[in-house]
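This report concerns only the one structure given below.
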Amino acid sequence: MSAKDAPPPLPEPLGVPVADSHTHLDMQPGTVEEALARAAAVGVDTVVQVGCDLKGSRWAAETAAAHAAVHAAVALHPNEAPRIVHGDEDGWSRQGAREAGGDAALDDALAEIDLLAALPQVRAVGETGLDYFRTGPEGMAAQERSLRAHIEIAKRHGKALVIHDREAHADVLRVLAEEGAPERTVFHCYSGDAEMARACADAGYFMSFAGNVTFKNAQPLRDALAVAPLELVLVETDAPFLTPAPYRGRPNAPYLIPITVRAMAQVRGVDEETMASAIAVNTARAFDY
Ligand SMILES: [Zn+2]
Ligand SMILES: [Zn+2]
């Protein structure tokens, strides 16, 4: 392993413990116990483990049942929903999927998400949403149908909703307004500008900032963070993705949260403890734990 692929060193511990509101431990090397121990050593005492497909959602629920520091979120990722409908999974041909009825396959998968969402350690339904970056126009209908179904599941179970919004701000806000958003809705890896942050604030949506808020070219994101109400701000790694500067490109993990919290405190012009205390309270409120 070259130095540039090596895991970054442990940062200075936070004085006030916070949660990583969005991570994918199943995509990171090492055991869950190791990841949690490293995180706890630097003041990251809680993680929300997010499932992206049925297998990942089952794993999230199992992992949260086994570890008090882990809460689960379950869903079919917006890039997964069109794959189920169009039958790109399990070597189906698109033709075969059409014959089998792609919408029925999505309904079957959603029925299992619904069952998982009822479990007490599952605190959220997500990540769901719209992704116009990875999925082309042919997948948009499936994504939107899936998003609407996840909103309904979250509301019926009284769970938080975790939104993945990539290059789809206006449509995500529109669908949430049309369906009626759940009481607690989190925009994970918040990627809007200051104007959208004001719209999210008006609707009471939480905005969860990831390591990309530290990137040099991310001034619009920092402008959004600067105007977001402090009581709606969360932090996340989305690990293994989006490693904060100066470790961009190296593997991300929950123990790197303090770097992002410190950058966020700087943007807001508050001290680290103020930032961390707000995030800790906000995350517990968002995920009702
Ligand atoms: Zn996402
Ligand atoms: Zn994610």
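Even glycines carry a Cβ here, placed using N, Cα and C.
No curator has checked TrEMBL annotations; they are predicted automatically.
Checked against TrEMBL, the range among 1-24, 73-96 recorded as region 'Disordered' is 1-24. Shown are the binding-site residues E127, D238; of these, the residue with the fewest other Cβ atoms within 10 Å is D238.
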